[in-house]
Amino acid sequence: MKPLVYLFLFTSFSLQYALAKSDPPVPMATAIAPYKWVNSPLAISNFSYSDGTTIVPVFFRQDPEGIESSFSCGFFCTPPCNQFIFSVFILSSGSVSNGRSGQSATSSNGPRIIWAANPDKPVGYNSTLELTEDGNLILKEANGNVAWSSGTTNMSVTGMNLTSSGNLILFSDENDTIWQSFDYPTDMLLIGQSLKQGQRLTATNASLATNLTRGQFYLTLAADGLFAYVVSDPPQLYFQKKINATAAIMNPQFKNNYTTTATFINGSLSIFVNFGNESLKSTEIILPFASTSQYMRLEPDGHLRLYEWDRSLWKPLGDVFDVLPDNCAYPTVCGSYGICYKGQCSCPSGTGSNVPGNDAFFQQIDNRQPNLGCERVLPISCNQTEDHQLLRLDNITYFNSPNSWITAEESCKQACLKNCSCQAATFKYIINSTNGSCYMLNEVFSLMNSPPGIMGYNSSTYIKVQVYHVSKSLWARIQTGFYHALLVVLIIMVWLVFLIAKRVKITQEDEEHLLGIAGMPNRISYEKLKRATNNFKKKLGEGGFGPVYKGQLGEAKIAVKCLLDVAHGKEEFLAEVMTIGSIHHINLVRLIGFCSEKKHRLLVYEYMSKGSLDKWIFKSKRPFSLDWKTRYKIIMDLAKGLSYLHEECRVKIAHLDIKPGNILLDDNFNAKISDFGLAKLIDRDQSHVMTKVRGTRGYLAPEWLTSQITEKADVYSFGVVVLEIVSGRKNIDQDQPEGSKNLINLLQDKIKEEKLMDIVDNQSEDLKSHENEVVEMIKLAIWCLQKESNRRPSMSQVVKVLECSMDSETSSEYESATTGTHVQVRGDFFSTSTAAHSAGTQSHTPTPPTSLAPLSTGR
């Protein structure tokens with residue numbers, strides 16, 4: 001037989017080459033073991049369709065005349081196409097042409113899956129399909145895990161072929177079929193394909209033949225015939241085609257020793273009875289003869305439809321099932337509890353003892369789509385069975401009643417009421433008969449209208465509903481409760497009106513107060529700022545209590561800060577407007593204007609092009625490392641700005657939120673202090689002010705614990721910022737190694753070790769080259785970080801030290817606030833030997849205290 005096999009393979013390869021012509025060839029239809037395919041995104045032949053599906057063919061069997069549909073097997077996916085199923089599918093003639101990776105198919109009719117190997121375990125790109133030397137067909141994921149196998153190891157398999165009928169087979173040297181995809185049907189049958197006894201066709205959840213999610217219908221072949229069910233507990237039968245008892249069961253040689261097979265042949269779906277090697281056609285469902293390709297598919301709605309290829313599309317020819325009396329007999333045509341009548345769907349309403357307001361028991365799930373079914377307004381409760389009643393629906397029946405029994409109508413009703421799992425009962429009877437057949441339903445699908453006599457019997461359906469009986473005393477209590485609730489609502493409404501009026505009055509007073517402050521900046525309307533910021537489109541960052549947006553007001557670039565939480569931020573808004581609205585300094589961000597309209601609170605500042613300092617000094621954010629000269633200048637600008645606030649204004653102004661995020665830089669890296677939302681005014685005759693804790697963790701001075709605050713709290717924060725500028729890291733950094741997370745604790749360790757340069761930004765060679773100046777700057781920061789506020793310098797002293805007009809000779813002793821140890825630090829704070837510095841200057845300039853203990857780690 002081997003010569004015949006080789007001749008067959010040669011013919012197949014020749015045909016594929018002829019189809020390919022001069023373009024890269026589409027995949028062949030036969031392969032000899034061993035052979036391996038890779039699901040690569042760069043495959044020469046992969047095709048995409050208008051419905052978004054993509055196939056990477058392994059085999060391709062094309063109708064040579066271009067009339068019939070073509071077949072292919074390979075890797076199949078739906079959008080977003082990151083998981084693939086190895087399957088056999090039907091392709092419309094002309095829908096695949098030769099081409100390179102990513103080619104679009106020439107037909108809008110996408111592939112239709114016939115058989116799938118791994119619907120429950122899809123694979124990704126770079127997965128492989130391998131026909132091994134020992135005859136096993138294996139689908140593997142990219143990591144080598146097996147997703148599916150044919151299980152044909154050592155069964156004499158020598159090759160694989162996709163037949164012209166769409167059957168994927170594994171064959172032997174003798175051309176015997178060892179394994180075939182036709183033996184494993186999904187939701188459809190092709191001409192020549194059979195459904196064996198015990199096998200199923202299972203519908204999917206989608207109308208497309210490319211969705212393999214299991215649906216709620218299945219068709220199965222049993223020993224006594226073909227049966228279709230809707231999934232339930234237990235499954236409910238809606239179609240049956242039994243075998244011919246005379247031909248099969250009554251034949252002595254077949255009786256109790258036979259199997260059945262349902263085969264789709266041209267012109268019928270025939271059921272055969274098999275005994276040994278003999279087969280006898282028992283019954284059949286007549287179908288239209290095929291002029292081109294045909295297939296039948298069990299659809300998501302329970303219909304078994306026959307399709308035929310009509311050159312450009314798949315044309316439905318009809319329903320294989322002969323379900324009576326009409327389409328209303330299908331289980332889900334109108335959804336759960338929906339009643340079908342001449343193709344129209346409605347919800348139950350009826351009569352029943354002690355069942356008031358029948359129309360109120362059910363409602364449409366979606367009024368725009370009545371076919372989706374109905375739902376109970378009140379769900380059934382098994383804890384209140386005394387409130388269960390039956391809603392009677394006359395001339396309404398059900399599609400199925402296989403397990404019914406003969407009884408009286410009242411007995412049928414009582415049986416359902418006593419069984420909590422019973423959701424409805426149908427009763428069918430002949431006119432003038434006291435008894436009939438009763439069938440109880442644990443799950444209710446679609447119901448259908450059944451006019452008297454049409455079906456040969458009369459019928460009534462009883463649906464269980466929940467009824468709440470309200471006694472007179474309960475009704476009186478409900479009325480009393482209603483009046484009490486109404487009174488409470490009225491009181492709440494009056495209170496709300498009072499609160500709203502009070503808030504409006506406060507807002508008006510605030511606005512009048514702002515207008516009455518001399519030297520206030522311009523007031524700008526909200527609409528004008530909305531246009532200036534292009535509807536607040538470009539966000540610069542988050543300031544205190546709100547975001548900051550970039551804008552253009554005339555020729556000037558501006559930054560607009562929005563206070564989102566007006567109730568919480570009103571105090572901060574007033575503080576910021578009144579604080580910096582009337583002061584001006586080169587190292588303070590200029591407030592151009594403000595907006596106070598209804599709920600809108602906005603501040604308009606000059607735009608600082610370089611943004612905040614934090615993104616320039618912290619390693620994770622900065623675009624490049626600042627040199628020592630620039631860092632020194634920023635520290636000087638910050639000191640001058642704070643000195644102005646503390647000592648040169650009419651009243652002392654404590655900023656109380658000094659941190660790198662509130663220090664802004666212009667084009668030339670000139671530093672300016674911003675965000676005065678937490679600022680406090682301190683009269684010259686006040687030693688301190690009382691205020692609640694506010695600010696940013698890590699920059700808070702120790703005196704915040706007592707809430708007695710002076711401007712020296714800013715000096716402490718200044719010291720922290722100086723250390724951050726020198727070290728290039730945050731003062732509290734969880735990304736640092738254990739023991740180095742707190743910068744001030746680390747500084748105390750380095751003081752003990754006399755290695756102050758260890759905390760310096762190691763990414764800046766320029767800082768290392770100015771070691772003496774950097775060390776002196778660290779010592780200045782240490783002076784500012786004293787636990788006792790009266791041991792810290794004033795900001796004017798800091799400015800003098802930075803300008804080298806003050807000699808801060810020190811041999812100071814620092815005590816760690818956490819360890820209690822004493823560490824000696826010797827040296828001069830910015831001592832100078834320049835000619836400009838004279839002894840006369842030293843004689844009248846205040847010097848720091850001889851002991852600067854203890855050093856605080858802050859909060």
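Each residue's number is its place along the chain shown, starting with 1.
Keep in mind that glycine also has a Cβ here, set from the backbone N, Cα and C atoms.
The feature coiled coil, as given by TrEMBL for the ranges 81-108, 193-220, 333-360, 753-780, sits at 753-780. Secondary structure of the domain 'Bulb-type lectin' (62-183), assigned with DSSP and counted as helix (H, G, I), strand (E, B) and coil, comes to 3 helix, 48 strand, 71 coil. Residue counts of the domain 'Apple' (382-467) by helix, strand and coil are 16 helix, 39 strand, 31 coil (DSSP-based).
This prediction places the mean pLDDT of the domain 'Apple' (382-467) at 87.
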